[in-house]
Amino acid sequence: MKPVTIHDLRKWKLSGEKFAALTAYEYSFAHLFASQGIPVLLVGDSLGMTVQGHDSTLPVTTDEIAYHTSMVRKGAGAALLLADLPFMSYATPVQACENAARLMRAGANMVKLEGGAWLCETVSRLTERAVPVCGHLGLTPQSVNVFGGYKVQGRDAQAAETLLNDALALEKAGAQLMVLECVPQALAKRVTDALTIPVIGIGAGHQTDGQILVMHDALGITAGHIPKFSKNFLAETGDIREAVQLYIRQVAEGSYPAPEHSFQ
Ligand code: KIV
C-alpha cells in the first residue's frame with residue numbers, strides 16, 4: 001500500500017473527506033489499526049497516563065517516546081506516523097531540533113508539539129531542517145498545571161481569538177497539521193475554515209477535517225474518568241477490528257462525534 005502523506009491529508013481536507021486517527025504505543029495495536037485502514041497514528045505522550053499509569057503526561061521523556069515510536073513504526077504500515085515531543089523537550093529551538101531528530105530516527109514522519117505563537121521560531125527551524133510539524137492547541141495536556149486541570153479551552157471571545165491567531169501563526173511558521181483538543185465546536189469550525197492545513201479534532205466537534213482518539217478511550221480500556229468526547233466503539237461491536245472500522249466509518253459520515261461528545 002502507498003504510504004499516506006501530508007499531501008493525502010490536504011487532498012482530503014479540500015474534498016471534505018473526513019479521516020480518523022488513533023494513538024498507538026506498540027507494534028501489535030499499530031499493526032491492527034493500520035491493517036484496518038487508519039491513515040494516521042500518533043505515539044502520544046498520553047502514554048504517560050495510559051501505559052505508565054501517571055496522572056499526567058509530564059513525566060514522559062524523549063527516550064520513552066523514541067522507544068515506543070520504534071515499536072509502532074514496525075506495525076504502522078502505510079500510516080503517517082506522528083510522535084509527540086514531550087514536556088520541556090522543546091523549550092528552545094535547539095533542544096527541539098535535537099529531540100525531534102531522535103523521534104524521526106526512531107521512525108516518526110512528523111513531530112507534534114503543544115503551544116501557540118511562542119513556538120513559531122521552533123516550528124520554522126524544525127521545518128527548515130526537514131522535520132514536519134503538527135501543532136496542538138486548545139487543551140494542551142502538558143500545560144495542565146497552568147490551566148488548573150483538564151478544562152475546555154477557548155470558551156470566551158478573547159480566548160477564542162487568541163487561539164485562532166495562534167493557529168494562523170503556526171501555519172505561517174510552517175506547521176503542516178494541527179490538533180485541536182477540547183474546544184467549543186463553533187471555534188473548531190472557525191479554525192478549520194481559516195487554516196489551509198488539515199485540522200484534527202479531539203473533543204472539538206464534528207466539523208474538523210479529521211478526528212483523533214486515544215486508543216484506550218476508543219476501545220473502552222480507560223480506567224477512571226472517561227472524557228465526554230470519547231466513545232467506546234468496542235462496546236458496540238464486540239470485536240477490535242470491527243470497532244476500528246466503525247470508528248473510521250462514523251468519522252467519515254460525520255456521525256461521530258455526535259452533539260453529546262462535543263462542547264457547545
Ligand atoms: O498524547 C496524545 O495522545 C495526544 C492526543 C490526545 C491528541 O496528544
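Note that Cβ sites are derived from N, Cα and C of the backbone, with glycine treated the same way.
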Look at the 3-methyl-2-oxobutanoate binding annotation in TrEMBL, where Asp45, Ser46, Asp84 are given, and name the residue from Lys13, Lys18, Lys112 listed for that site too. Lys112
What is the interatomic distance between the Cα atoms of Glu114 (Mg(2+) binding site) and Ser46 (3-methyl-2-oxobutanoate binding site), given in whole Å? 13
The number of other Cβ atoms within 10 Å of the Cβ of Glu114 (Mg(2+) binding site), counted over all protein chains shown, is 23
Closest by Cα to Asp84 (Mg(2+) binding site), out of the recorded positions Ser46, Lys112, Glu181, is Lys112
If you measure every Cα to Cα pair among Asp45, Ser46, Asp84, Lys112, the residues listed for 3-methyl-2-oxobutanoate, what is the largest value in Å? 12
